[in-house]
Amino acid sequence: MSGWSHRHVLDLASFSRDDYATVLELAHRFRSMPVTGARKLPALQGRLVATLFFEPSTRTRSSFELAAKRLSADVQSFSPSSSSLSKGESLLDTARTYVAMGADVLVIRHRCTDVPAQLASELDQAGERTVVLNGGDGQHSHPSQGLLDLYTLAHHFDPRNSQLDALQGKRIVIVGDVVHSRVARSNLWALSACGADVVLCGPPSLVPDAFAAFLDAPPPGQASDPVRERGTVQISRSLDDCLSGADAVMTLRLQKERMTDHLLTNLDRYHRDFGLTHERLRRCAFSGPVLHPGPVNRGVEMSGGLLDDRSICLVEDQVRNGIPIRMALLYLMAASDPVAESSRASAPS
């Protein structure tokens, strides 16, 4: 297993291929726990993981907390509605409270971009040992979702190894509300790093032409791209054209709560033009997997029948794979010597 150099995990733009490989390899081993009969590992015993979610979440929060518990970490949950934030306490002071309690990892979700990065910078300047894991910030990034989507696809194409090479040269379609999606941005960094070619599909209001140049410059805040050669990004306005010849398709939730400019007014028309159904997949001779990061608007992004078809739709696999991926991240960030310990008996083999 290669080295791990990330103190905080704030985005995937800073990940190298070795970083992706390290996470996927470890997650694949953790995924075998139910098969081998092991339900809990002592790897993070005595560590404290605090989940600070300033936005509603079911899957991500529960997945992180279950991942931490499977590594024997203590978990402290934060709820804004019952916190001192309602009394005027700042977000930073709230986070410092958990640091003072001895939190080793802060998993943070916030509606504003860069809040996790700002907090990580504050902690570094103060010399604190606590690390920050971005659970989703604004429209910027959702690293663990991008990684679990990557792993789900790698496992689908190569169940035995589930490694990066399984995605080399694959054509992956991402359809829907790209402009508001931190998931889409994380997937663009992850999939392109593995050599996949990504096609973004949707109306101009949701998939602006500017996304065609998403990978053209070095990642924000970096002098160079940590990935030497990436796959490509293209834009299409026709879902039928995209699906013909595609290896997989991911559809994104319409984030109506972020649509302040009435970007979409007719959901029936959207479903007709960009919704996934069995009939559309047959018409386009598409036989690959269908993904969705959730939650799903049935009858909008995809039909209820397709969502429930486990032979095609990998939504439940994504949820299931989120646990070992988040276990891997927590393990790499909080274990005293994660690279060395990952080969010991405390991790599954």
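Glycine is no exception: its Cβ is also placed from the backbone N, Cα and C atoms.
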Task = Determine which of ARG96, ARG109, ARG111 appears in Swiss-Prot for the same carbamoyl phosphate site as ARG59, THR60, HIS142, GLN145, GLY294, PRO295.
result = ARG109
Request  = Please name the residue among the binding-site residues GLY294, PRO295 whose C-beta has the most neighbouring C-beta atoms within 10 angstroms.
outcome  = GLY294
Task = Measuring Cα to Cα, tell me the gap between GLN145 (carbamoyl phosphate binding site) and ARG182 (L-aspartate binding site) in whole angstrom.
result = 9
Inquiry  = Would you identify which of the binding-site residues ARG59, ARG109, HIS142, ARG253 has the most other C-beta atoms lying within 10 angstroms of its C-beta?
reply    = HIS142
Ask   = Over the residue list ARG59, THR60, ARG109, HIS142, GLN145, GLY294, PRO295, recorded for carbamoyl phosphate, what is the maximum interresidue Cα distance in Å?
value = 16
Query = For the binding-site residues THR60, GLN145, which Cβ has the most other Cβ atoms within 10 Å, all shown protein chains included?
reply = GLN145
Remark   = Cα-Cα, HIS142 (carbamoyl phosphate binding site) versus ARG253 (L-aspartate binding site), nearest Å, comes out at 14
Request  = Between GLY294 (carbamoyl phosphate binding site) and ARG182 (L-aspartate binding site), find the distance joining the two CA atoms and give it rounded to the nearest Å.
outcome  = 13
